[in-house]
Amino acid sequence: MNPSTPSLLYTSIFFYFTIIATQTLSLDPKFKACEPKSCGKGPQISYPFYLSGKQESFCGYPSFELTCDDEEKLPVLGISGEEYVIKNISYLTQSFQVVNSKASHDPCPRPLNNLTLHRTPFFVNPSHINFTILYNCSDHLLEDFRTYPLTCARNTSLLRSFGVFDRKKLGKEKQIASMSCQKLVDVPVLASNESDVMGMTYVEILKRGFVLNWTANSCFRCITSGGRCGTDQQEFVCLCPDGPKLHDTCTNGKNDKRRRVIVKVLIGASAAVVGLIAASIFWYVYHRRKTKSYRNSSALLPRNISSDPSAKSFDIEKAEELLVGVHIFSYEELEEATNNFDPSKELGDGGFGTVYYGKLKDGRSVAVKRLYDNNFKRAEQFRNEVEILTGLRHPNLVALFGCSSKQSRDLLLVYEYVANGTLADHLHGPQANPSSLPWSIRLKIAVETASALKYLHASKIIHRDVKSNNILLDQNFNVKVADFGLSRLFPMDKTHVSTAPQGTPGYVDPDYHLCYQLSNKSDVYSFAVVLMELISSLPAVDITRPRQEINLSNMAVVKIQNHELRDMVDPSLGFDTDTRVRQTVIAVAELAFQCLQSDKDLRPCMSHVQDTLTRIQNNGFGSEMDVVDVNKSGPLVAQSPDSVIVKWDSK
């Protein structure tokens, strides 16, 4: 290769990314000003809310102005003389949970004002009951009222303060109560009936808070067109990277059509430049490896892959280090365990090899992966799985028992055997049985899978092939996440790595597919597809469905935004008959919607996803999610590839 070639490549790359950086720096100031913010904890704040001191007032409406609670690091909303701490925000239901700030900070909270929502865009969600607090009441007031005494107040022998839920009785005696007490304050409490708060104290009841809904212009079309919502003299505008639009999207009108044509031309030209650069780099690297391979020995690898192209890049010293501490099985031992790799013992196959059931001499049941002879990447995949799994210990990750020796005829990996098949088998495969997989079990599977992925990301590992076929289940439906052949160890100081898209159709992150940038948010997107599988029992890709529903992720987004989630929920889950199931399914769907955003920066991290699912599992309510509008518009702009005309294995 000509010595000047690397310099030419670096110069080309420099100019290409200089152009990209220039485009980024030219973003409209209002667009940049309305980037979502938070107070440190709790939900991120964006339209129709805005965070005073951190965002401009044109990022939301005046009635939605929030401040930060310095102690709790949560957003605060002022209504009718009281301050309310916002615990979470849900745009799926256009609602947010609030708690009176006195209940958050004061050991003896005493709200002094009735909640008045007249001339505000807010209204109390029906999921509440009214709690009336009676302050400083004379001792002769009916004893029946004294259900929840305010014991922390300065009661005397003549005056008492307490709360009551019995609105009917209080209604009859309202005049008596108003005459006998100095003040009556009505407080809504999140509960369907009094039995929900049975056994709680006065303070615990107030700390439950309540849910408010709001009305505001839809932001969905603006978000999915790449914009951010805001206001101009209290009128809705879509704030786009190139300037505000008076309509609700960044892609409307003749000028936008012309701009899209220009963008397509620029993208095409950029793609050509990148393609040329990539081809040159590939040729250069290939030439270097080819030259180096003559100097390297392939003795470490099994004899029948010494001519394997991937073997030439398989670092011998690192491979020897890799096998330290890993149990080495002989080929004969595994051949006997699998009855000479009997086809009847096949458990499944993937892009790299076939998995067989085996039984070792010590009685252990194992799963043996035999990598395909004709797959030139098998040595790389072999090393990848060994390198990753030997350093991991988590109850929801499949365990690697060992591998074949360097003198083995084949590359073999030995895993713990997980007896109950895959999640895909139970949802829409040969083991599908609605009665065996109720919603509580599905939610448990979601929590455990998220826990495993959170652990991987904390270990700087991206799975890159999260799907229901790679989620194994034992007899108690405990999760074991498997198949790390595509996984990547992530550099500690990087937010993404550039690599050719790999994965399974229907699960691949569209941002990764479009930009060739792999990040941990790619796993978040794939996991969201699994969440929708758990809700619907439908496969990620099905070419027999209508065109717009072939891809489950696209189908889910459309159904949620059109308030048609019920249409895709598995009827066996009891969505229409069980209130808790309905609440938790909606909360999980909302979380999945957030994770399916085409822009990876709008997705939560896996730690947030796992924490949210745990909260949903424990108390049935939603999460501290970013605000996302799902009211009026079409599907997200990008979606995971769903083409199955040409077989696309996980490679």
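Positions of Cβ are set from backbone N, Cα and C atoms, glycine also.
What Swiss-Prot annotates here:
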ACT_SITE  Asp465  active site, proton acceptor
BINDING   Leu347, Gly348, Asp349, Gly350, Gly351, Phe352, Gly353, Thr354, Val355, Lys369  ATP binding site
DOMAIN    341-613  domain 'Protein kinase'
CARBOHYD  Asn88  N-linked glycosylation site
CARBOHYD  Asn114  N-linked glycosylation site
CARBOHYD  Asn130  N-linked glycosylation site
CARBOHYD  Asn136  N-linked glycosylation site
CARBOHYD  Asn155  N-linked glycosylation site
CARBOHYD  Asn193  N-linked glycosylation site
CARBOHYD  Asn213  N-linked glycosylation site
MOD_RES   Tyr415  phosphotyrosine
MOD_RES   Ser498  phosphoserine
MOD_RES   Thr499  phosphothreonine
MOD_RES   Thr504  phosphothreonine
MOD_RES   Tyr512  phosphotyrosine
TOPO_DOM  27-264  topological domain 'Extracellular'
TOPO_DOM  286-651  topological domain 'Cytoplasmic'
TRANSMEM  265-285  transmembrane segment
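In terms of C-alpha distance, the listed recorded positions Leu347, Asp349, Gly353, Val355, Asp465 place Asp465 closest to Asn114 (N-linked glycosylation site). In this structure, the CA atom of Asn130 (N-linked glycosylation site) is 49 Å away from the CA atom of Asp465 (active site, proton acceptor). Within 10 Å of the C-beta of Asn88 (N-linked glycosylation site) we count 20 further C-beta atoms, all protein chains included. When the C-alpha distances from Tyr415 (phosphotyrosine) to the recorded positions Leu347, Asp349, Gly353, Val355, Asp465 are tabulated, the minimum falls on Val355. Within 10 Å of the C-beta atom of Asn213 (N-linked glycosylation site) sit 15 other C-beta atoms, taking all shown protein chains into account. For the pair formed by Asn213 (N-linked glycosylation site) and the residue listed as 'active site, proton acceptor', distance between Cα atoms is given as 38 Å, rounded to the nearest Å. Here the candidates are the recorded positions Leu347, Asp349, Gly353, Val355, Asp465, and by Cα distance the one nearest Asn193 (N-linked glycosylation site) turns out to be Asp465. Between the C-alpha atoms of Asp465 (active site, proton acceptor) and Leu347 (ATP binding site), the distance comes to 19 Å. Between the CA atoms of Asp349 (ATP binding site) and Thr504 (phosphothreonine) there is a gap of 14 Å, rounded to the nearest whole number. The least crowded of the binding-site residues Leu347, Val355, judged by other CB atoms within 10 A of its own CB, is Leu347.
When the recorded positions Asn114, Asn136, Asn193, Thr504 are compared by the number of other CB atoms within 10 angstroms of each CB, Asn193 has the fewest. Here the CA atom of Gly353 (ATP binding site) lies 15 Å from the CA atom of Thr504 (phosphothreonine).
Leu347 (ATP binding site) sits 44 Å from Asn88 (N-linked glycosylation site), counting Cα to Cα. Here the Cα atom of Asn136 (N-linked glycosylation site) is found 34 Å from that of Asn88 (N-linked glycosylation site). Of all the recorded positions given, namely Asp349, Asp465, the one with the smallest number of surrounding CB atoms inside 10 A is Asp349.
The residue listed as 'active site, proton acceptor' falls within neither a helix nor a strand when secondary structure is assigned with DSSP, and so counts as coil.
Asn88 (N-linked glycosylation site) sits 44 Å from Val355 (ATP binding site), taking the C-alpha atoms as the reference points.
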